[in-house]
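Engineer: Just dropping this structure here.
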């Protein structure tokens, strides 16, 4: 295992994380996330390598924007009508921490719980 396995075209395919979409929407709207919804999201993330969790969250967020015809990083309409761009990014980046699932941040195998990468991907 390693970061190479997370890239498109490799044997590993990043899942859609459909269970995490409602978590992001509810948190962005300031609503309480039901335990069953959070558990479903966390289980989907737990099934993904720690190397790939942030990339999977980024892909989920990107697809949510694209489904609503939005460019990456835009907010205020479509997928996140009540969320500022920064809130959307931080909320997505923190899902791993909410689930208490570690991510691997570099080749040394050092871990963290918040995906800084998600925010970086969406700064463009």
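Note: Cβ is positioned from N, Cα and C throughout, glycine not excepted.
TrEMBL feature annotations, pasted as is:
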type: DISULFID; residues: 6-52; note: disulfide bond
type: DISULFID; residues: 20-41; note: disulfide bond
type: DISULFID; residues: 28-83; note: disulfide bond
type: DISULFID; residues: 42-99; note: disulfide bond
type: DISULFID; residues: 54-115; note: disulfide bond
Engineer: When the Cα-Cα distance from residue 42 (disulfide bond) is computed for each of the disulfide-bonded residues 20, 28, 52, 54, 83, which gives the smallest value?
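Structural biologist: With Cα distances computed to residue 42 (disulfide bond), the winner among 20, 28, 52, 54, 83 is 20.
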Engineer: Among 28, 42, 54, all listed as disulfide-bonded residues, which has the most CB atoms within 10 Å of its CB?
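Structural biologist: Answer by Cβ density within 10 Å: 54.
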Engineer: Give the distance between the Cα atoms of residue 115 (disulfide bond) and residue 20 (disulfide bond), rounded to the nearest whole Å.
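Structural biologist: Residue 20 (disulfide bond) has its Cα 15 Å from the Cα of residue 115 (disulfide bond).
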Engineer: If we check Cα distances from residue 41 (disulfide bond), which of the disulfide-bonded residues 28, 52, 54, 83, 99 wins as closest?
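Structural biologist: Of the disulfide-bonded residues 28, 52, 54, 83, 99, 99 has its Cα closest to that of residue 41 (disulfide bond).
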Engineer: Measure from the Cα of residue 99 (disulfide bond) to the Cα of every one of the disulfide-bonded residues 20, 52, 54, 83, then give the nearest.
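Structural biologist: In terms of Cα distance, residue 99 (disulfide bond) lies closest to 20.
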